[in-house]
Every structure is written in C-alpha cells, then in structure tokens.
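Notes for the one structure printed next.
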Amino acid sequence: MDDDLFQLRQLPVVKFRRTGESTRSEDECGGGREEVLQVEGGRTDMESVSLADGAPVPREFANPTDDTFMVEDAVEAIGFGTFQWKLSILTGLSWMADAMEMMILSILAPQLHCEWALPSWEVALLTSVVFIGMMISSSLWGNISDKYGRKTGLKMSVLWTLFYGLLSAFAPIYGWILFLRALVGFGIGGAPQSVTLYAEFLPMRSRATCILLIEIFWALGTVFEVLLAILVMPTLGWRWLLALSTIPLFIFAFLCFWLPESARYDVLTGNQEKALNTLKRIAAENNVPMPLGKLIVARQEDRGKIQDLFSPHFRWTTVLLWFIWFSNAFSYYGVVLLTTELFQEGGACGEAKGSKMEPGCSLECKYLNSDDYKDLLWTTLSEFPGLLVTLWAIDRLGRRKTMALCFFVFSLCIVPLYACVGRTSLTVFIFIARAFIAGGFQAAYVYTPEVYPTATRALGLGTSSGMARVGALITPFVAQVMLESSVYLTLSVYCCCCLLAAIASCALPIETTGRGLQESSHREWGQEMMGRASDHSPGGIPHSSSESQD
C-alpha cells in the first residue's frame, strides 16, 4: 500500500535492545507512561554459521544489531488490535463461504436424486467432483500464494468460486451441474489461504485462539446454509439456494480492496519498503508504537517448491500431516453425509435387531422434510461445542495432543452406532462425533501454518488441504454407496481411520505451542544454532524461539 492511502498519525517509536538493556520510548517527554521493551538474544562475531548439511545461516540472523528488528518482533510489539479484528471478519467471510458450499452438498444431493431420477453413484459423483476440484487446486493455490502473494491467491480463488457458483444455479442438465460444481470446487481449494494470510499478522500469544475463533465463521456458514435451505427449498427451489449461497463471496469481493499483503511475504521477497509500510499501517490502526531501527530483510529464497516439504527437517512432519488432514476430511464429511442416511436406517433397527441381521439402509428417492432439516441443524450446531473444546485444549494440552484427543473421542462415538440405538441416542452420538472431528480439523488449521516457514507455509497448507480433499473425494462412496451394502463395514472404516490418525498426531516430531512463526528455514536453523531465548520482556512482548525436529 502507498503511504498516501493512509494518514498515519505521529506515533511514538520504541527501540529494541538485544544486549539485555532496556530503552525508553522517545516520546516520554510528553508525560505519558514509559514503555520499556527488551529483547534478549545472543551475540556472536561469526560472519556466518554453517550447519551439518552445509546450509549457511545469514549474518543478520546470527548477529542482529541494536538498531534492527524482524517482522516477528514488529508483529509481537504491535499486538492484536483494531486491524486484526477487521482482518478476522474479512477472512472469516471467505471461510464462511467455503463452509456453505460444502454444506450445500448434503442438501442438493437428495433433491437432485429425486428431481432428475439419478442413481446413487451419480449422486455420490456430484459430491466427489467438488472434492476433485479442491484436491487439484489446493496445492496450486498454495503455490500461487507463495510465489505471487497471499492476497493475490486468496482474491483469485474467491472471485473464481463466486463466478462459477452463480453459473451452477443455471445448469440445465446433470452434466452441466457436474462440470460447474467441479469448477466451484477448484475455487474453494484456495479458501485455506485465508488462514495463511491471517496467521502471519497475529502475535504468538493470541495466534491459536484467533485462528480457532475464525473457525466460528465456518460453523456460522454451515448453520446459515441449513437455515437458508429451510426457507428457500420449499418455495424457490435449489437454484435459488445455489445463488443465495454466494452472498458471503459477494461481500468479500466488495471489501477485498482493504486487504494488505503479508509483511512476512514482502520481507521474504526483498520488498522491504512495502513490508515496512504495512507494519506502519497496522501500528497506526492499533494505535501502538513501531519498533525503532531497520527492518531486517531475510535472504531471498526459492518459494513454493514442493521438494522443500520433503527436506530432512520436514519430511516426516509432511507425511504425517497429510494423513491427518486426509482423516479429518474423510471423517468430517463422512459424518455430514451419513447423518440423514443413519436417521433413515434407525427406523428399521427394531426389525433388524429382532431378526439378528445387520441393519439395512434404504437409499430410495426421498425429499428432505422438516424433520430432516431439524436433525441436520442439530448436528450442524455441534460445530460450536467442538470449537470450545479445542479452544480450551489447544494451549493447555498442545496442538498434537489436542488433535489426538479429537480423533480418539470421534472413534469412541462411532462404536455405539453398531447397535440399534434410538433416534435420540443416534442424534447425541453423531452430535458429539461431529463436534470432536470438527475440533480436530480446527487444530490442524492452527498447527500447519505454524510448523512451516514463510517460504513454504502457503504450499504446506495447500498440499495438506489437497490431501484432505482426497479424503473428502473418497468419503461419498463410503457414506452413500458402501452404506447400502453394509452399515457395520462403513462404520468400521471411519473408526479405524481416526484411531490411526490419533496415533499419527502423537507421532508428529514438532510441537508448535509457544513457538513463533519462522520467517525462513535460515532463520529457524540460525535460532537453533544461536540458542535464542523465548523469554518475555517486561513490556509483555513474547519473543519467538525454534524447536528442532528430532
């Protein structure tokens, strides 16, 4: 952003000291309260540090001076304020739109099943093509965001989704809606980049809480979609539902001019002036002082390279994360699609139990009625308690244990469904299962941007999201096709998958709780070699530290 777009007030400036001494704010002559900020750090006379694999550590990271600061330091000093609240709402709108486009699948499928007399495999394919589009595009949007900017990638994906989302409302035949919904899925694949952009503006102390709170927009999106369907489907039909579901995308498209580019990304690409202007803008909106000194520009690196995700430092993390994301989406969307089918199956449980036969599932054409929508709404509301559980656990238990807990509780809630439980009990177990698998998804969205450095953060999140879409692509054929043959086998698949994901969560080598975002792999290794402390200053500013992978 150019300086003339913002009327920056004269702000006090604060100097960071790396010698253990404290410095007063330069405007203290005004009689205001003194601000004392202090940064602890080691000093070295080495020009560079070479690691075991021969990678050099830039001198500015190994030997910072009194008059320099990094983006991480500035973000911590500026803290959370007005700017972050605005960013929360705007990025939340793109998240809400993603949730609505996903939730509409469980509403649209039964309608077209009856209206167009579609066989079950074509109904499942209608859901799967959306996930195919997301699977193909997720890593592509991540690559675009790492190469051309987070703002660019997010805006392009939202406008793409808006355009084809509206067009799909006018689809005349099955083939057209199949094609257009696949293109919608291609656009939705870029929605996770809103988390990348958002996380890079958040201070360490509030990052996990804020990323989880933005997930409220996902829950709001699913609830809003069900309420919209209750109002629109009986009178206006599914075409109007598709069109009205793009409302959050319209609002985002209208307001996206306000979005700044990530200062971390600008520094990584060598655009120091633009990054500094962005930080000044945030400080002005939050009414806090900027650090005094020169902003350190990280060594420019190749960005968005898939092989970096499989470097020795991140190889095991990437493999485990891909399976965790796969299991999250496979189980989450499986529960969403299973909800109405299991409610229909529950009515035949009495007969099945009496004859000691496995319960069957009727997949004949059936329009959703008011009771179905109410059940769908109740299970959708489970997103909120799932969010609260994760919010409580994420900093107390850590990211890895929180994900493991969510997967394990989901598996426990699947076990009672093997028996012929009543409709009320069925609702309760599905409610709890969906709450915890949604919580596991939210924890993964916190962990993944934290574990990768800026150079590969968007790609790491994008490829993980792509693996999630593989799970989402497969799950309709389990929840809608396999269920027709065997309820027990279907439930066993979901239960075992989540138990394995719980083990994978515990096996992740890096715990990111209390760990700052890494600007680059050079900085991470440099901090590891120099032993930078993670102490908090008297002014309340946390300083990032790195954890090495075992």
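Glycine too: its Cβ is placed from the backbone N, Cα and C atoms.
Here's what TrEMBL has on this protein:
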type	residues	note
DOMAIN	87-513	domain 'Major facilitator superfamily (MFS) profile'
TRANSMEM	121-141	transmembrane segment
TRANSMEM	153-173	transmembrane segment
TRANSMEM	211-232	transmembrane segment
TRANSMEM	238-259	transmembrane segment
TRANSMEM	313-333	transmembrane segment
TRANSMEM	402-419	transmembrane segment
TRANSMEM	425-447	transmembrane segment
TRANSMEM	459-479	transmembrane segment
TRANSMEM	491-510	transmembrane segment
REGION	519-550	region 'Disordered'
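Counting residues 6+ beyond its ends, the transmembrane segment (238-259) has Cβ neighbours under 8 Å at 86-87, 90, 93-94, 96-97, 100-101, 104, 107-108, 111-112, 115, 151, 154-155, 158-159, 161-162, 165-166, 168-170, 197, 221, 225, 228-229, 232 in the same chain. Computed over the domain 'Major facilitator superfamily (MFS) profile' (87-513), the whole-number mean pLDDT of the model equals 82. Sequence-distant contacts of the transmembrane segment (121-141) (same chain, six or more residues past either end, CB-CB distance under 8 Å): 101-102, 105, 108-110, 112-113, 153, 156-157, 174, 177-179, 181-190, 192-193, 306, 333, 337, 458-459, 462-463, 465-470, 472-474, 476-477, 480-481. When Cβ-Cβ distances below 8 Å are used as the criterion, the transmembrane segment (153-173) is approached by residues 91, 94, 97, 101, 137, 141-142, 144-145, 180-181, 183-184, 186-191, 193-194, 197, 239-240, 242-243, 245-246, 249-250, 252-253, 256, 259, 458 of the same chain, each at least six residues removed from its ends.
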